[in-house]
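Below is one structure, written out as structure tokens; comments come after it.
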Amino acid sequence: MLNLFQIMNMINNDVPTPYGFYFQDSATPNQEGILELHDNIMFYLVVILGLVSWMLFTIVRTYSRNPMAYKYIKHGQTIEIIWKIFPAVILLTIAFPSFILLYLCDEVISPAMTIKAIGYQWYWKYEYFDFINDNGETIEFESYVIPDSLLEEGQLRLLDTDTSIVVPVDTHIRFIVTAADVIHDFAIPSLGIKVDGTPGRLNQVSTLIQREGVFYGMCSELCGIGHAQMPIKVEAVSLPKFLEWLNEQ
């Protein structure tokens, strides 16, 4: 039987779908901003494409009918001013929201907890800095892809892992990403997260998950023969369930 998280993933588009051509449903403010920016820019591009196509069609039709074309099509100060100012305005309209969103995505706002993700060839290791177990040690574990031969009904090939990142919803979370060998990339589409893991360097990204669910990601930097075996699985749960999970560690 499907568990609650699998049913939620069927309602919300939180997993890759065959022949999918659009984004997964957003679960964070950052991803919501990315979707809105994408849709706005696509609108501008469609308008520009239609305008340029109409101009090309009009010019070709005019020249084909009359080789001695209207003089202001070839030499006109007004049209030259228009096609310089109009594209500049469009670029500024696109650029300002992009810069604002880029700044907001890089901003880390008073994180309530920090998780360190370390990329190895070819698995992930996670460390919860803010919590310790009964032995006085930081909670940490490794995450490996589930082999095809061990997949159970409802699990996703090359996406499900033996252990998951468990986080509470409505909580500011900071991910610190690095790597131990080669460059990896920590990417989770539904959360709007994509940050490189570079050996000897710590990169950080902040997120605020707004709903419960299971979110999948992958290493998005070619890192060797086992690159496809580096999935990321995040389970967002309520705070009581998260505390219960912590007590089990």
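From the backbone N, Cα and C atoms, a Cβ is placed for every residue, glycine too.
A quick note: this is a predicted structure, and the numbers were derived from the prediction, not measured.
Listed in Swiss-Prot:
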SIGNAL    1-13  signal peptide
TOPO_DOM  14-40  topological domain 'Mitochondrial intermembrane'
TRANSMEM  41-62  transmembrane segment
TOPO_DOM  63-80  topological domain 'Mitochondrial matrix'
TRANSMEM  81-105  transmembrane segment
TOPO_DOM  106-249  topological domain 'Mitochondrial intermembrane'
BINDING   HIS184, CYS219, CYS223, MET230  Cu cation A1 binding site
BINDING   CYS219, GLU221, CYS223, HIS227  Cu cation A2 binding site
BINDING   GLU221  Mg(2+) binding site
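Under the three-state DSSP scheme, HIS227 (Cu cation A2 binding site) falls in the helix class.
Taking all protein chains in view, 26 other C-beta atoms sit within 10 angstroms of the C-beta of CYS219 (Cu cation A1 binding site). Per DSSP, the topological domain 'Mitochondrial intermembrane' (14-40) is made up of 12 helix, 0 strand, 15 coil.
For the Cu cation A2 site, the Cβ centre of CYS219, GLU221, CYS223, HIS227 serves as reference, and the other residues of the chain with Cβ at most 8 Å from it are GLY119, TRP122, VAL182, ILE183, HIS184, ASP185, SER220, LEU222, GLY224, MET230. Taking each Cβ in turn and tallying the other Cβ atoms within 10 Å, the top scorer among the binding-site residues CYS223, MET230 is MET230. Cα to Cα, HIS227 (Cu cation A2 binding site) and CYS219 (Cu cation A1 binding site) are separated by 7 Å. Of the listed binding-site residues HIS184, HIS227, the Cβ environment within 10 Å is emptiest of other Cβ atoms at HIS227. In the predicted model, the topological domain 'Mitochondrial matrix' (63-80) has a mean pLDDT of 69. MET230 (Cu cation A1 binding site) sits 10 Å from GLU221 (Cu cation A2 binding site), taking the C-alpha atoms as the reference points.
Helix first, then strand, then coil: DSSP counts for the topological domain 'Mitochondrial intermembrane' (106-249) stand at 20 helix, 69 strand, 55 coil.
Counting every protein chain shown, 19 other Cβ atoms lie within 10 Å of the Cβ of GLU221 (Cu cation A2 binding site). The CA atom of HIS184 (Cu cation A1 binding site) is located 5 Å away from the CA atom of GLU221 (Cu cation A2 binding site).
Counting only same-chain residues 6+ beyond the ends of the topological domain 'Mitochondrial intermembrane' (14-40), those with a CB under 8 A from a CB of the stretch are 8, 94, 97-98, 101, 104-105, 156, 159, 189-193, 207-211, 213-216, 236.
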